[in-house]
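Take a look at the structure below.
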Ligand SMILES: Cc1cc2nc3c(=O)[nH]c(=O)nc-3n(C[C@H](O)[C@H](O)[C@H](O)COP(=O)(O)OP(=O)(O)OC[C@H]3O[C@@H](n4cnc5c(N)ncnc54)[C@H](O)[C@@H]3O)c2cc1C
């Protein structure tokens with residue numbers, strides 16, 4: 001029998017592991033572990049944790065509806081695996097998971113592997129969440145060095161996907177021989193009730209179909225108009241693997257005028273690729289000297305009290321709902337790192353708690369870009385002006401009115417900094433350019 005553990009793949013259709021298990025023609029014991037590390041520091045009460053719990057509940061519901069058994073446990077993954085392998089007394093010969101590339105996930109899987117080795121059980125890691133197969137892509141490009149910037153990567157990615165499209169599988173959990181072997185869980189591994197008392201997440205395919213039918217053609221031209229235009233809103237599903245990235249790509253590929261949206265899926269692959277090949281991806285804060293930066297205004301930024309209307313409106317939406325449109329993520333991140341000269345790591349950590357769609361690799365890659373650090377980054381002198389951007393992308397200021405009702409009565413001046421704004425945009429922009437020039441020069445040699 002196999003032990004299959006769900007992690008960031010909270011769905012029951014088109015999973016590479018299901019194809020793999022089906023080919024083994026063996027029974028599999030399916031498990032989801034509530035990992036206390038991922039829910040630490042009260043994250044289960046924050047938007048990102050709630051999203052995760054809702055999708056975990058959704059996964060349980062999908063198994064029930066298919067008449068299949070999904071076991072739930074709470075604890076350190078390696079310890080839970082140790083317990084199961086011990087209980088099953090030699091009946092499990094292989095543990096199967098999907099690979100993840102974050103430092104925590106790599107460490108966690110090293111510990112699981114160690115446990116499986118102790119039982120002489122195989123440990124198989126499959127790749128599920130990328131559109132491209134990384135080793136095959138490396139062969140295809142024939143490059144000895146990985147791509148550092150997105151534009152060049154994107155060109156080759158499109159060619160690669162045309163040649164090796166990676167179509168979705170039609171298999172679902174109904175096609176897998178899921179074991180209904182029961183398991184007696186000791187108190188230590190029982191899932192606390194409060195983690196289970198959430199509303200299961202909805203089906204993402206309704207969102208995907210609606211977006212493809214109604215809005216994808218305008219995506220390239222209008223995606224930055226955060227009040228007038230709605231993108232797919234699929235990222236909170238993608239982040240936990242509740243929707244298959246292959247299905248998204250495949251459906252978009254067969255839809256007219258989808259190139260710009262597919263480019264965003266490529267962006268996601270690019271950050272996953274860089275996380276694997278860029279040795280400093282998770283440690284840039286140690287590569288640059290960030291000591292010229294400070295945290296004076298960080299709390300005001302978090303509390304949406306900067307006095308710059310579009311920044312405060314965006315932070316209010318984030319705090320209240322866990323959502324923030326991409327253009328406003330760029331503006332708030334640049335404002336924090338550049339105008340307020342705050343280390344990107346503080347904003348990154350705040351988004352980790354607050355974003356519904358929080359994803360370690362995507363979040364970090366985007367924060368690095370905004371802070372002009374790392375290989376694929378905005379030029380250090382790029383400091384978007386939140387006022388002119390607000391005027392450009394939402395001329396009537398409706399977004400600001402929605403999230404800052406106190407400003408409802410303002411007309412054209414709605415975009416302008418309030419009298420008590422915490423920084424002068426022009427002066428802080430100039431100062432940021434000087435400071436970031438210095439920070440980039442401080443980069444340690446490899
Ligand atoms: C500072 C900052 C932090 C971010 N943190 C996250 C994060 O934690 N998790 C996350 O999923 N996205 C993050 N993003 C990227 C982006 O803002 C969101 O993916 C996007 O807003 C999601 O909306 P959507 O699902 O409607 O996407 P759409 O615009 O419909 O795009 C489709 C899909 O493409 C992917 N995508 C789109 N834009 C990007 C991008 N810039 N980078 C990587 N993938 C992208 C997402 O999976 C998205 O669901 C961040 C961006 C910035 C500037």
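For all residues, glycine too, the Cβ spot is worked out from N, Cα and C.
Taken from TrEMBL as is:
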type: BINDING; residues: 219, 261, 264, 265, 266, 267, 268, 269, 270, 271, 357, 358, 359; note: FAD binding site
type: DOMAIN; residues: 1-131; note: domain 'Photolyase/cryptochrome alpha/beta'
Count the Cβ atoms, other than its own, that fall within 10 Å of the Cβ of residue 359 (FAD binding site), considering every protein chain shown.
23
Please list the binding-site residues from 268, 270, 359 whose Cβ falls under 6 Å of any atom in ligand 1.
268, 359
What is the biggest Cα to Cα gap, in Å, among 219, 261, 264, 265, 266, 267, 268, 269, 270, 271, 357, 358, 359, the residues listed as binding FAD?
23
The domain 'Photolyase/cryptochrome alpha/beta' (1-131) - residue tally per DSSP class, helix then strand then coil:
63 helix, 27 strand, 41 coil
With every protein chain in view, how many other Cβ atoms are within 10 Å of the Cβ of residue 266 (FAD binding site)?
20
Tell me, how many other CB atoms lie within 10 A of the CB of residue 219 (FAD binding site), whichever protein chain they belong to?
21
